[in-house]
């Protein structure tokens, strides 16, 4: 049986990282009396997208979801001389192909597999009954019933077939009272006894690839998609439409997005929700956001009583990238190394929220044309905006008459922008969405005690009267540097504060005030980063 991810398999998977088209393996020389379920019993590397049978040629083509899984199976089968009924099988490569967009979406959003789960079965229903009833949808690999729970699992030969079953079967007579959904692909299962060895082999292979590639002068490993001569016939598009769930190529080191468990990696495809644990009790939400980079956030939930947080990105690829980066490089805040995992699957963004984000919505609200900061104080802004949702941080740029209110969610920021228009105190101010600083590119550690990235207070305007854990700029060289750098960039920032177009949903006020605008807070963040570096 293949599937324990030995050194050859792990190395092949690492070498095929990012390959989205070379995902089909040819298996020939099949005995005439062999069945497809017997063959697939030998596969334990990852979910299968489709199995194409050619009995007249005694062969099959097995298409996996991505190239790295296919490469691992291919390499392991060759090393172990895969055999069935005592007859050695021939292993080769099939034609390169892209994953069908409909399957890609179903896998990402619904965790679709070729395995259909059926619940609430009658006590008298047999495995043969299920096979006879469901084979009209397409060829079946295996049927299993768990009798004490009256549930069944029907593995088809393709995800597309299972998609049709899940969609149509619950609507048909005799099935309306049954539970129908996707189950886990049995070919993605790794026995517990093998999991430790699997993870070790994979990590060793990845480390070897990393070490070898790092020796190439000027080679940017972060975006490396390694290819060996064995895979030279594969195409590796610069911007693949469907990245490998195990080795995403997206600007971060391609590390452990479920690398120790390929099936887990696929199960998290499309998940935008990342779990952060072991957070220091004194760590603030602001400090968390100062260390989260690489993607805009939809929302953040910081449960300080449980020392954990759930970070939901707008984009699933950004979530996977952050997860990979945090696990490979490590994420330390206030001397605590955080545990990074996956939260409950987020599913896809609501369509209305997606449209708002595409129009510029973020969790950051910009307020411009502030005439008097003795009136518009930190306390006033908190009091006026807290009703719309929990606030992560308020940042001032007093020299330009601006402030930024960072909420914990985009929805709260949307409510704030709409609701504050009814407040006469803000009728003459410019209000719009700012840029989420978490969307800035990841950066190297600054070596501060708080861990990699920006200290929590370094984004605040150093002249703000709000108490700060850091000294006044008169006694703090870093604060002086930040203040000087911010002052130096005021001219550039002023140019970005030209009156922008109003939001489509925000008509201008009758008195000419209350117009909307935008200002990129990212420049302020980067100024602080460079100053501390």
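Positions of Cβ are set from backbone N, Cα and C atoms, glycine also.
What TrEMBL annotates here:
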type: DOMAIN; residues: 23-96; note: domain 'RRM'
type: DOMAIN; residues: 114-195; note: domain 'RRM'
type: DOMAIN; residues: 272-345; note: domain 'RRM'
type: DOMAIN; residues: 363-436; note: domain 'RRM'
type: REGION; residues: 437-476; note: region 'Disordered'
type: COMPBIAS; residues: 458-467; note: compositional bias 'Polar residues'
type: REGION; residues: 489-522; note: region 'Disordered'
type: COMPBIAS; residues: 489-510; note: compositional bias 'Low complexity'
- prompt: What stretch in 114-195, 272-345, 363-436 has the biggest tally of Cβ pairs under 8 Å against the domain 'RRM' (23-96)?
  reply: 114-195
- request: Give me the mean pLDDT over the domain 'RRM' (363-436), rounded to a whole number.
  value: 94
- prompt: Can you tell me how the residues of the domain 'RRM' (272-345) break down into helix, strand and coil by DSSP?
  reply: 23 helix, 26 strand, 25 coil
